[in-house]
Amino acid sequence: MGTANDSSKDISDRLAEKHPKVVFVLGGPGSGKGTQCEKIVQHFGYTHLSAGDLLRAEKNSGSENGIMIQNMMNEGKIVPSEVTIKLLQKAMLESGNDKFLIDGFPRNEENRAAFEAVVRLCLSHFFDAAKIEPEFVLYFNCPEKEMERRILNRNQGREDDNIETIRKRFKVFLESSLPVIEYYKGKGKVREIDAAKPVEEVPL
Ligand SMILES: Nc1ncnc2c1ncn2[C@@H]1O[C@H](COP(=O)(O)OP(=O)(O)O)[C@@H](O)[C@H]1O
Ligand SMILES: Nc1ccn([C@@H]2O[C@H](COP(=O)(O)OP(=O)(O)O)[C@@H](O)[C@H]2O)c(=O)n1
Ligand SMILES: [Mg+2]
């Protein structure tokens with residue numbers, strides 16, 4: 001079990017032993033990432049890790065980063081990668097699985113660079129260093145009006161699900177997250193999904 005004192009090197013050493021397989025799940029706020037991940041988990045044996053859920057749990061735990069996370073989320077901003085990646089690594093280590101659906105990450109170039117730095121550290125343990133890439137990236141493409149409608153009906157008590165913050169999150173998605181999706185498109189890694197369909201009809 002990890003402790004708060006684990007160094008990045010220790011965590012990376014232990015993760016490297018796992019040889020984890022990673023699929024990123026990206027798409028705008030309200031596109032249905034969390035909903036479809038639950039379905040994928042049932043059919044394909046991945047463990048679902050939502051970066052947003054991990055950040056909300058960290059905020060609620062009263063950790064020293066709690067206030068900062070709350071402020072960033074309420075402004076629709078992306079929390080510094082160092083915080084998010086630590087939470088993801090810890091969750092991966094604590095899981096018995098080695099196949100992960102990582103939902104809502106990487107959400108900007110800084111997130112992506114931080115992921116690559118961690119994988120590089122893990123791979124430095126092996127002579128046959130594989131590529132610093134996820135298996136593939138699922139991109140849930142959905143019109144903004146539909147995403148807005150879904151979020152306003154979500155009823156999960158999330159402070160950031162108000163129209164003012166939703167607009168900020170859409171702007172951050174267009175400016176910071178779409179370029180990450182384009183980056184992986186350039187590498188032939190993206191599987192684009194029509195997320196506008198009803199839940200049971202979204203093709204996986
Ligand atoms: N295909 C869909 N059609 C209609 N509503 C959906 C669909 N997928 C998800 N929802 C609903 O929309 C809201 C946002 O879905 P969620 O999975 O939380 O999206 P995300 O994680 O991408 O923000 C939830 O209330 C969910 O029940
Ligand atoms: N990689 C990430 C993911 C989420 N977050 C924060 O968490 C918020 C909610 O993310 P989420 O993935 O739960 O939101 P949805 O796309 O599910 O609506 C984002 O608006 C960011 O403020 C982040 O900072 N970095
Ligand atoms: Mg979600």
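A Cβ is built for glycine as well, from the same backbone N, Cα and C atoms used for every other residue.
Caution: TrEMBL annotation is automatic and unverified by curators.
Residues or ranges marked as ATP binding site in TrEMBL: Gly30, Ser31, Gly32, Lys33, Gly34, Thr35, Arg154, Lys197. In the three-state DSSP scheme, Arg154 (ATP binding site) is classed as coil.
Shown in sequence order, Ile69, Met73, Arg158 are the residues of the chain, 6+ apart in sequence, with a C-beta less than 8 angstroms from the C-beta of Arg56 (ribonucleoside 5'-phosphate binding site). For Arg56, Lys77, Ile78, Val79, Gly104, Phe105, Pro106, Arg107, Arg158, Arg169, the entry in TrEMBL reads ribonucleoside 5'-phosphate binding site.
Taken from TrEMBL, the feature CMP binding site applies to Asn111. In this structure, Asn111 (CMP binding site) is part of a helix by DSSP.
Not one of the binding-site residues Gly104, Asn111, Arg158 places a Cβ under 6 Å from an atom of ligand 1. For the binding-site residues listed here (Lys33, Lys197), the lowest count of other CB atoms within 10 A around the CB belongs to Lys197. Counting in whole angstrom, Pro106 (ribonucleoside 5'-phosphate binding site) lies 18 from Thr35 (ATP binding site) by their C-alpha atoms.
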